[in-house]
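For reference, Swiss-Prot has these:
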- 5-157: domain 'N-acetyltransferase 1' (DOMAIN)
- 82, 83, 84: acetyl-CoA 1 binding site (BINDING)
- 159-306: domain 'N-acetyltransferase 2' (DOMAIN)
- 242, 243, 244, 281, 282, 283, 284, 285, 286: acetyl-CoA 2 binding site (BINDING)
């Protein structure tokens, strides 16, 4: 019988074990089984603000071979991510984790359970079907090569694009982010703490966080947060977050910020850029496809009523 251990909080040593497990999975699968926010919460203690649980499976030697993260929101929905070590798959560990997650969420009187399958792995689909989950949301990673012709968008008169200044621009960035993504399930509702956690990450570079500022009053109307994954020849750039304040729609700031960000990434010596977009966002998919992006990987969010 597979034993699933459940913890409200993880000590530093256990967090290190989870991150090692994530790295092992990423080496085998080419992508992380946990999203960025989950990893940030693990590293910086964000789970203290998110009620939920950590579920762990160990082998006979005590080595961590399975992990699941469960977070509860204020609407009674339990969000889950899980992974099993590549050498321990197809042995019932995923089944055991998911059964324990459903039991935990039901006991917490959640009305629904959602789970991300990063990479849309066939095993995830089998588990989802077996437990009556349905596909609820599909996220594409799209990529393209950077070229000299990376867009011709320029800011309108009276608007300057400049780099973020740590310690000065956090509040303004937060305001425009939450206005631009008011209805977005992941990006909306940020706090200063969400920005601070990212500022502490090794990848953070204020030069690559570009703000569109109105000259007359310094109002930030939009931003393009770029990100660089990896190093050396394997490094790849990302259009991490691109947001424009509702009142600035129609000024073509999106095009101007995109161009500025791609130029910045190319200046870093990168030749490939990626981004994430919802499959259901037909307008954005059409825009990115027209800009030369093609689908690279697919993440699927499965949903189950409890």
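Even glycines carry a Cβ here, placed using N, Cα and C.
Structure with Swiss-Prot features highlighted.
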{"residue": "82", "record": "acetyl-CoA 1 binding site", "CB count, 10 Å": "24"}
{"residue": "83", "record": "acetyl-CoA 1 binding site", "CB count, 10 Å": "25"}
{"residue": "84", "record": "acetyl-CoA 1 binding site", "CB count, 10 Å": "24"}
{"residue": "242", "record": "acetyl-CoA 2 binding site", "CB count, 10 Å": "19"}
{"residue": "244", "record": "acetyl-CoA 2 binding site", "CB count, 10 Å": "22"}
{"residue": "282", "record": "acetyl-CoA 2 binding site", "CB count, 10 Å": "9"}
{"residue": "284", "record": "acetyl-CoA 2 binding site", "CB count, 10 Å": "16"}
{"residue": "286", "record": "acetyl-CoA 2 binding site", "CB count, 10 Å": "10"}
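Shown in sequence order, 21, 25, 33, 66, 67, 68, 85, 93, 94, 97 are the same-chain residues outside 82, 83, 84 whose Cβ sits within 8 Å of the Cβ centre of the acetyl-CoA 1 site. Between the alpha carbons (Cα) of residue 282 (acetyl-CoA 2 binding site) and residue 82 (acetyl-CoA 1 binding site) lies a span of roughly 29 Å. Following the DSSP three-state reduction, the secondary structure of residue 244 (acetyl-CoA 2 binding site) is strand. Residue 282 (acetyl-CoA 2 binding site) falls within a helical segment according to DSSP.
Taking H, G and I as helix, E and B as strand and the rest as coil, DSSP gives the domain 'N-acetyltransferase 2' (159-306) the counts 52 helix, 49 strand, 47 coil.
Rounded to a whole number, the distance between the Cα atoms of residue 82 (acetyl-CoA 1 binding site) and residue 244 (acetyl-CoA 2 binding site) is 33 Å. Distance noted between the C-alpha atoms of residue 284 (acetyl-CoA 2 binding site) and residue 82 (acetyl-CoA 1 binding site) is 29 Å. Between the alpha carbons (Cα) of residue 84 (acetyl-CoA 1 binding site) and residue 286 (acetyl-CoA 2 binding site) lies a span of roughly 35 Å. Summarised as a single figure, the pLDDT of the domain 'N-acetyltransferase 1' (5-157) averages 89.
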